[in-house]
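These notes are about the structure you will find just below.
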Amino acid sequence: MHLGGELLTIGVLFVIAYVLGRLGKTIGLPAIPIYMLVGLIASPHTPWIGLNVESDTIELIATFGLVLLLFNLGLEFDQEEFYGNAGKLLVSGGTYVAINMGIGFAFGFSLGWGTREALIIAGMTATSSSAIVTKLLIELRRLANDETPMILGVTVIEDVFIAIYLAIVSVVLSGDTNVWGVIGKLGLAFGFLVVMFTLARFAGKWVSKIFATRDDELFTVLFFGLAVMFGGIGEILGVTDAIGAFVIGLLCGATRYRDRIEQLALPMRDVFAAFFFVNFGLGLDLSTFGEVLWPVLGAIGMTVVLNAVAGQIVARMNGFSVQQGINTAVILVNRGEFALILATLSAAAGLEARITAFAGLYVLVMAVLGPLLAVNSDRIGRLVVRPARVARLRQRLRARLGSRGGRGVAAGATGPALDEAIHTAAVAGVADEDASRAARRAERDRQFAEEFALVEAAGREERENGAPEPREEPVTSSVEIPAERPERPVRQRDPEY
């Protein structure tokens with residue numbers, strides 16, 4: 001078997017991906033659309049470029065990418081946050097998902113592609129890309145914002161929704177028309193989820209014993225083998241490899257070795273996920289984009305509007321301002337990896353072929369539009385909110401002047417002249433408030449940047465010099481007192497996928 005040509009082509013593609021990725025990051029683009037474009041470059045449908053790769057060549061590696069994406073999603077799932085604030089999270093996150101899912105299903109059904117296709121499109125438009133969301137929160141220095149815990153809480157509920165939704169979709173895509181067969185498969189899927197969630201909640205201590213080895217090589221082989229094995233179990237049970245990988249990641253995340261697994265799994269996930277996105281790009285055909293252009297434009301407009309509405313509703317439910325609702329909407333509007341996973345599942349099930357082109361173009365546009373909206377959320381807020389703020393301040397000034405009987409108003413300042421003076425004062429007052437708020441935000445960002453730089457410097461020093469050796473304190477008692485287990489630092493969701 002001679003694979004020199006294939007290896008050369010794949011290597012060149014990944015070098016191109018690196019170059020484009022570096023350029024993309026300078027303007028704030030995430031990696032997902034970059035990898036899709038690289039796949040499109042090597043697609044059999046673009047032969048004039050001269051870098052052709054058959055999808056079959058990397059299909060298995062791409063499947064590993066899908067498995068590791070969902071494995072890491074389960075691994076990063078914040079169980080303490082979910083179980084500790086389940087009621088509040090379910091209300092906020094459930095409202096957000098319900099608005100997007102319900103209207104998304106109606107939109108998908110209106111396209112006339114079929115009921116199963118409508119369910120897939122609803123899933124694509126219903127959930128955010130947790131990868132892009134977290135990346136934007138970090139890069140825009142909004143982790144300290146008041147609304148950020150609410151945003152992350154919504155993504156936690158989206159993770160739960162994804163697990164349940166995939167369980168339902170796997171049964172729907174099976175094509176079984178027997179009622180009892182469908183009920184049995186749904187029962188099996190939900191039973192599988194319940195068992196694994198229960199184990200993750202209560203059996204983490206016992207599962208930790210499986211990972212009790214200091215050998216990183218064997219440790220990596222173990223968790224990778226478990227991820228792939230449970231992906232296979234999910235396929236055999238009819239609940240998809242994605243669900244199998246997610247639940248074993250959830251269980252591994254409940255062990256005392258979660259941080260170590262994350263440290264070793266992230267580089268693997270990044271490489272294999274790149275193969276997944278490149279492989280998806282290989283299946284795209286530019287000539288089919290014209291057939292789905294109007295549906296995609298409609299979906300983009302619907303997504304932006306629904307997120308604006310849902311962001312304001314969720315912000316109001318949590319006592320936040322209109323501007324914070326805008327910040328929430330433009331962060332959560334991003335779509336990415338989950339839409340591509342659904343498109344892959346629909347293609348495997350033989351559904352409407354246009355769904356692949358729809359998902360590709362939809363994600364390409366949203367992955368670019370979303371970060372642009374997030375970066376300019378303050379400008380959007382000023383355009384939307386400032387006129388209302390000026391009007392409210394103008395009313396207060398007019399009421400104050402009225403209560404004073406017009407005392408202190410310059411002679412001749414009546415009618416239009418008085419209105420103009422009040423309006424000018426209101427605009428100036430709002431501008432002063434904005435300037436004060438911007439100064440406070442700049443000071444907070446400066447402090448955050450300093451703290452972040454200290455953390456990075458400490459991590460860099462530890463990588464270069466090794467972790468400091470623990471100092472043994474002299475024992476002053478005949479009874480040995482075990483050292484307390486250090487408190488686990490607050491985890492941040494991984495910023496890339």
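Residue positions begin at 1 at the first shown residue.
Glycine too: its Cβ is placed from the backbone N, Cα and C atoms.
Summarising the annotation, TrEMBL assigns compositional bias 'Basic and acidic residues' to 458-474, 482-497. According to TrEMBL, the feature domain 'Cation/H+ exchanger transmembrane' maps to 16-373. Among the features that TrEMBL reports, region 'Disordered' is placed at 455-497. What TrEMBL records for 6-24, 31-51, 57-77, 89-113, 119-138, 150-173, 179-197, 218-236, 271-290, 296-314, 326-349, 355-375 is transmembrane segment.
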**Item:** Feature contact check the transmembrane segment (326-349) with the transmembrane segment (150-173), CB under 8 Å, 3 or more pairs
**Value:** yes
**Asked** Thinking of Cβ pairs under 8 Å, which stretch from 57-77, 89-113, 119-138, 355-375 has the most of them with the transmembrane segment (296-314)?
**Response** 89-113
**Prompt:** Quick one: do the transmembrane segment (89-113) and the transmembrane segment (119-138) reach 3+ CB pairs under 8 Å, ignoring pairs fewer than 6 apart in sequence?
**Reply:** yes
**Asked** Which one, 57-77, 179-197, 326-349, has the most C-beta pairs under 8 Å toward the transmembrane segment (119-138)?
**Response** 326-349
**Request:** Look at every Cβ pair spanning the transmembrane segment (218-236) and the transmembrane segment (355-375), keep those 6 or more apart in sequence, and say whether at least 3 of them are under 8 Å.
**Result:** no
**Request:** Mind pulling out the one from 57-77, 179-197, 326-349, 355-375 with the most Cβ pairs under 8 angstroms to the transmembrane segment (271-290)?
**Result:** 57-77
**Item:** Intrachain residues whose Cβ lies under 8 Å of the transmembrane segment (57-77), provided they are six or more past its termini
**Value:** 6, 10, 130, 156, 159, 162, 227-228, 231, 241-243, 245-253, 258, 261-262, 265-266, 268-269, 272-280, 282, 337, 341, 344, 491, 493-494, 497
**Prompt:** What residues in the same chain, six or more past the boundaries of the transmembrane segment (179-197), come closer than 8 Å to it by Cβ-Cβ distance?
**Reply:** 163-164, 167-168, 170-171, 234, 237-239, 243, 247-248, 250-251
